[in-house]
Each structure stands twice: as structure tokens, then as C-alpha cells.
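Asks: This is the structure I want to talk about, given as C-alpha cells.
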């Protein structure tokens, strides 16, 4: 088991997708199941979603306490209910994040750091699909109370470890049906670290 709490946020409206993207199929399985499979080895697993909306055996479901306020609000719920330590946090629209991806981030954890994020070769740090320490909870709550919604502000830069060398294919975010079609065209062989 990985010494992490896994957390998937699945409370968005899927407005750009046109239907519930958590249930959209990729490689014959719903996106939610694909994302959960990459995090299956985590000691504790949290699904941030409306109660009763999804069935994910072995996962605790917690409602988004600030619906409509984005992934930062989902992270607040995850940090609140996680075991003390590191949380592997991602969205339902990141199905290419394998267990090897999470192991790579976990190996980069350092004392005194509060986040571990993959560094996209072109777009920089990736705050969704990252590790966050539960010590960040007061900061996240403060950001939300101040009206902030940007996940990238969660951890101070000097407390963030950036992991290089991960392929760009890990960062395919499924927001539209065309994104899912593009991801499907890549196949499984491109999803290794």
C-alpha cells in the first residue's frame, strides 16, 4: 500500500463535455474507474462528489462543501478528511495518471515541502494530479475564504517539489469529447513512465 490518501474530485458540471464525463468510457471503462485504478494502492481513498451519484467500491464519498467553486474547494474537502500526511489529488478527467505516475511523485517527497507537482515540458507545474500535504488545509481554507479559486496558488513555490521527466501524455485533460477521442487514439502503450 502507498502511504497516501487518494482523492478524486468529481463534482464539476462537465459543461464543456456535454454529459457526465465521469461516466464517459475510455478503454471500455468509465473515466472515474480509470482514475481510481491509478490510485488503487493508496491506503485511504476519498471521492469528492455528490452523495449517491457514483458507485466506487472501496472509496469513501464526501460531498463538495463549496459546490461550483472548482478543484480548490475539492482539495479542501480532501485535506479535511485525509489521514495526516500526503494526499494524491486529481480530477475525474485525468485518466492517464497511472500508479507509476503516483509512485514517481511519492519518491520526490521531501521534509518541509507541502506539494509535489509534475512539471509539464511546455505548460509548467501541474497542480491537478499532484501531491499535497494535509498541513496546507488552513492555507486552502484561507484562499477560498478570500475568494481565490486557483489551485496553482495552493502551495508556496518554495515549498513545492517539481518533478521533471514525465511525458506530456500524462497531462491529457478530458474536458471535451474531442479530448477523449485524442486520448483514445494514443493507446495504452504511451502511458508508461
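Glycine too: its Cβ is placed from the backbone N, Cα and C atoms.
Just so it is clear, the model here is predicted, and its values are computed rather than measured.
Taken from Swiss-Prot, the feature GTP binding site covers 9, 10, 11, 21, 64, 93. Summarising the annotation, Swiss-Prot assigns Mg(2+) binding site to 93.
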Asks: For the binding-site residues 64, 93, which Cβ has the most other Cβ atoms within 10 Å, all shown protein chains included?
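Replies: That would be 93, with the most Cβ atoms nearby.
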Asks: Can you check what DSSP calls residue 9 (GTP binding site), collapsed to helix, strand or coil?
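Replies: Once the DSSP labels are grouped into three classes, residue 9 (GTP binding site) ends up as strand.
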Asks: If you skip the near sequence neighbours and keep only those at least six away, which residues in the chain come within under 8 angstroms of residue 9 (GTP binding site), Cβ to Cβ?
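Replies: Long-range Cβ contacts: 48, 49, 64, 71, 74, 75, 78, 89, 90, 91, 92.
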